[in-house]
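K.L.:
My questions all concern the structure below.
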Amino acid sequence: MGVGSSSLSHSLSSSACTCPAFFFSHRSEPRLVLSSSSTLLPNPFLKPTVAVRMSSSSSHSSLSQPLRGQKSTDPESKFEDTSDAPVFDSRKLSPELIKELVSEALFWCSLHGLVVGDRNNARSAIVPGVGLTHAPISLLPTLFPEGHWKQACEVAPIFNELVDRVSLDSKFLQDSLSRTKVVDAFTSRLLDIHSKMLEINKKEEIRLGLHRSDYMLDAQTKQLLQIELNTISCSFPGLGSLISTLHRNLLNNHSKDLGVDSKKVPENGATSGFAEALAKAWNEYNDSSAVIMVVVSPEERNMYDQHWLCKELKERYPYIKKIRCCLTTIRRTLADINQEGEILPSGALRVGNHTVAVVYFRAGYSPDDYPSENEWSARLLMEHSSAIKCPSISYHLVGTKKIQQELAKPNVLERFLDNQDDIAKLRKCFAGLWSLDDSEVIQEALERPDLFVLKPQREGGGNNIYGDNVRDTLLKLQQEGAEGLAAYILMQRIFPKTSHAFMVRDGVCYQDNAISELGIYGAYLRNKDKVIMNDQCGYLMRTKVSSSNEGGVAAGFAVLDSIYLI
């Protein structure tokens, strides 16, 4: 999933805050201003919503009893949980300390590259170094149970292996997405490319996956439930690593006031893990003159997250003595690749003056990335080539919402995995997922739409459907006929426990009730029958106000965060 994309989208409604707001001038020293209103700043990335808890059922075909037997629809009565005593209570921090923490964090972000392009500067998405602002951040890490952290890390290599095995089952992919193809033009184009590769018997012997599996911790069942598995353009390995370091520094520097152990913030090796996987893939390609090509958007305000990965590659692999060469990266848009690219008689991909060993997609996951046939031609060209694609068209399709729903059906995981313990571990974190072929689940969603999320085959924040809009959309789709229903899946709406958070965006600190989503990065590299790398490599924590449905960081809904293990 690309920059600003997020599945942080199952939320609670939050009550008004009565705490002070903190305003910081861009041209002077940070200045503390107390708000006299009953709330803090009206958050620019809020949309009020009413929410209720859901069960943790993972049945695909019928609704479980807990879904039908909700005890209460009052958020205040359902989600208050005092069983876990907090390590520190951020609500008791003095305004003076918060002011100092915010000032220190903003300076740290500027000095260490925890930055994004400024939306108010049109050139910030085009010209490096122009219009920088700090990334949206949580001021302090979010408490997270260590047992669930270990669970998420443990299943990452299993999900990596699952993606690879599903990608090899072309019949499963084509059959599962056949109805979606009819009503979703974007998925149809992807499947067409996949079909063309099947027609020429194109084999991807070297397969590289850089994935991220996203989870929320359900407040009622205390189960860690998967929101989605992303197989393309998983954003923020660079900035996500940085904010973990920022939080450890803040906790160290203010240990007397906060009384916490900075070692409880896990080391975040996402940048180094992704770089290692890319470098190993490049090495498997076995052409010392070839480069790693990053596919990017024409305008990219999150370019610095991407550049952190390229920087890691240059610094960790500046000169490979065995073959006496330097590992080089280049950046190209899909339009650039269409104009400059060609396939050599050997099958190698040539872009400009460079032979490409690895294609790393940080764009190409959304219909917006293909404004013309030129971009689709570039995607097809790359698939035809012998370059290692991250992801290949098959890996890309495995990450669709429909495939996620299909894998949640009974006995489907057994088609791809042999180890029953591994299967049980994956199923334990599956949320409820249903096809809209199921009349019973549709009726349930019409009666209680607040228990569901309606998801189209779209990546990025802002696409999911909630609340009464679920009912309205389902009724509209039913009138249009069965084909329209195939473009969506239904997912149970997860309601995590709220926590108190300070969120800093554009130099302004907001204080509010918040919910968080944990993403676990995974790296997988295989050459024919040999698995070269299958690791969990770092994490991404995103936090947003609990009354917001959507969750993209760059889209303006959420902030980058880290975790504090309890």
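Residue numbering: from 1, along the chain as shown.
Each Cβ is built from the backbone N, Cα and C atoms, and glycine gets one as well.
No curator has checked TrEMBL annotations; they are predicted automatically.
Note that this is a predicted model, so its numbers are computed, not measured.
Features from TrEMBL:
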{"type": "REGION", "residues": "57-86", "note": "region 'Disordered'"}
{"type": "COMPBIAS", "residues": "71-81", "note": "compositional bias 'Basic and acidic residues'"}
{"type": "BINDING", "residues": "Arg212, 232-235, 300-302, Gln306, 362-365, Arg542, 553-554", "note": "substrate binding site"}
{"type": "BINDING", "residues": "Glu228, Lys401, 455-464, Tyr466, 491-494, Glu517, Lys544, Glu550", "note": "ATP binding site"}
{"type": "BINDING", "residues": "Glu228, Asn230, Glu459", "note": "Mg(2+) binding site"}
{"type": "DOMAIN", "residues": "290-398", "note": "domain 'Glutathione synthase substrate-binding'"}
K.L.:
Averaging the per-residue pLDDT over the domain 'Glutathione synthase substrate-binding' (290-398), what integer do you get?
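P.N.:
The answer is 93, the mean pLDDT of the model over that range.
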K.L.:
Spatially, and counting Cα to Cα, which of the binding-site residues is closest to Ala363 (substrate binding site)? Options: Tyr466, Arg493, Lys544.
P.N.:
Lys544
K.L.:
These are the binding-site residues: Arg301, Arg493, Lys544. Which one scores highest on other Cβ atoms within 10 Å?
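P.N.:
Sorting the candidates by Cβ neighbours within 10 Å, the top entry is Lys544.
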K.L.:
With helix taken as DSSP H, G or I, strand as E or B and everything else coil, how many residues of the domain 'Glutathione synthase substrate-binding' (290-398) land in each class?
P.N.:
42 helix, 28 strand, 39 coil
K.L.:
Please report the distance from the Cα of Ser235 (substrate binding site) to the Cα of Arg493 (ATP binding site), rounded to the nearest angstrom.
P.N.:
24
K.L.:
If you measure Arg301 (substrate binding site) to Lys544 (ATP binding site) at Cα, how many Å is it?
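P.N.:
For Arg301 (substrate binding site) versus Lys544 (ATP binding site), the Cα atoms are 20 Å apart.
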K.L.:
Which of these binding-site residues is closest to Arg493 (ATP binding site) if you go by CA atoms: Arg212, Gln306, Tyr365?
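P.N.:
Closest recorded candidate to Arg493 (ATP binding site) by Cα: Arg212.
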K.L.:
Work out how many Å separate Tyr365 (substrate binding site) and Tyr466 (ATP binding site) at their Cα atoms, rounded off.
P.N.:
23
K.L.:
Can you tell me how far the Cα of Pro456 (ATP binding site) sits from the Cα of Asn230 (Mg(2+) binding site), in Å?
P.N.:
15
